[in-house]
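K.L.:
One structure coming up, written as structure tokens, with questions to follow.
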Amino acid sequence: MQTFVLLALVAACSAAVIQVPTHKTESLRAKLIKEGKYTAFLASQHAARAQQLNTGFQPFVDYFDDFYLGNITLGTPPQPATVVLDTGSSNLWVIDAACKTQACNGYPDSGYTKQKFDTTKSTTFVKETRKFSIQYGSGSCNGYLGKDVLNFGGLTVQSQEFGVSTHLADVFGYQPVDGILGLGWPALAVDQVVPPMQNLIAQKQLDAPLFTVWLDRNLQIAQGTPGGLITYGAIDTVNCAKQVTYVPLSAKTYWQFPLDAFAVGTYSETKKDQVISDTGTSWLGAPNTIVSAIVKQTKAVFDWSTELYTVDCSTMKTQPDLIFTIGGAQFPVKSVEYVLDLQLGGGKCALAVFSMGSGGFGPSWILGDTFIRQYCNVYDIGNGQIGFATAVHKGL
């Protein structure tokens with residue numbers, strides 16, 4: 001995978017607006033299905049998840065499909081890394097150069113060789129005695145904490161605390177990533193690490209304490225493509241409509257807020273639920289009853305071999321909208337966003353929805369990239385709110 005250049009638009013001397021292009025990866029799910037390896041992969045994931053049932057409060061991350069990457073550097077001189085830009089977690093971590101496992105190196109058939117961080121080659125790295133361990137939905141990583149100079153998009157944090165991973169779950173070995181940069185709230189951070197965004201705000205490096213995510217759309221998600229733009233310090237007025245609907249956050253852990261109502265076809269639900277916006281989750285997560293309603297309204301069929309709900313690809317543009325009511329406004333998601341061509345064969349496409357279970361103490365919904373591609377998300381840290389504006393896509 002080729003790296004890409006970060007574009008920095010510097011404003012005043014004391015603060016800035018920074019626009020960082022993202023890159024959308026090839027879908028791991030589509031790749032494994034195409035190579036006939038998906039069934040074995042599912043079995044390994046089920047075994048891993050069975051061991052994670054008692055992990056408690058952890059970030060929501062799903063790296064099975066298209067997700068969005070950015071370039072950073074760490075250390076002096078700078079060492080590059082390509083990381084997931086993830087609003088569903090709050091820690092930054094990269095891979096230790098001393099880790100020699102296949103997961104740390106990248107599996108040969110992943111088509112990507114990991115960029116690792118060599119602490120011995122940075123004159124500004126400070127190793128801490130504290131260890132770190134993070135359990136994500138798709139696997140874990142652990143190692144030790146340290147501090148060094150972080151740069152992303154022309155923004156610099158002089159002493160950013162981050163994880164240096166000495167062990168990665170196998171799933172990360174299949175992905176073209178070198179780490180994760182969490183954009184969630186400090187309360188979600190493991191080991192009370194201060195996230196990069198909070199450090200930037202404290203150092204008054206941004207025009208405004210917010211960032212905007214615009215994700216581009218490609219009907220064929222099996223291949224990696226340019227993925228969108230993150231604007232730090234301002235609202236993206238080029239790729240997002242001018243009208244922004246804001247809603248106060250109901251918790252400052254995830255980017256969590258209330259969902260007033262949901263409808264699809266002839267089905268509607270007015271029970272209020274808690275939902276999170278998460279760039280690290282590819283699809284839409286919903287309660288069991290909602291997933292069942294979507295399946296019924298779209299006439300989807302469950303494919304046991306892939307554990308996916310499928311419909312005919314010919315219906316990609318004609319299935320009913322998924323209509324979310326947030327802050328008193330309706331946000332319809334077109335079927336072209338939630339019916340995905342994963343090259344399953346037989347003219348079948350997948351529904352980009354998954355079950356969150358039947359409820360509990362946490363959020364009941366995840367609005368992942370399927371929703372964010374249709375609506376720019378404005379993550380307003382300063383005012384404790386999130387905003388939504390219609391995304392502009394050329395040629396679609």
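Just so it is clear, glycine is given a Cβ too, placed from its N, Cα and C backbone atoms.
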K.L.:
Between Cys99, Cys141, work out which one Swiss-Prot annotates as bonded to Cys104 by a disulfide.
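P.N.:
It is Cys99, per the disulfide annotation in Swiss-Prot.
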K.L.:
From the disulfide entries in Swiss-Prot, identify which of Cys349, Cys376 pairs with Cys313.
P.N.:
Cys349
K.L.:
Does DSSP put Asn71 (N-linked glycosylation site) in a helix, in a strand, or in coil?
P.N.:
strand
K.L.:
Can you work out the mean pLDDT of the predicted model over the domain 'Peptidase A1' (68-389)?
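P.N.:
Mean pLDDT for the domain 'Peptidase A1' (68-389): 91.
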K.L.:
Cβ atoms within 10 Å, counted per site: which of Cys99, Cys104, Cys313, Cys349 has the most, among these disulfide-bonded residues?
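P.N.:
The most densely surrounded of these disulfide-bonded residues is Cys349.
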K.L.:
Taking the Cβ of Asn71 (N-linked glycosylation site) as centre, how many other Cβ atoms lie within 10 Å?
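P.N.:
For Asn71 (N-linked glycosylation site), the count of other Cβ atoms within 10 Å is 21.
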K.L.:
Out of Asp86, Asp278, which has the highest number of nearby Cβ atoms, where nearby means within 10 Å of its Cβ, if these are the active-site residues?
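P.N.:
The largest 10 Å Cβ neighbour count belongs to Asp278.
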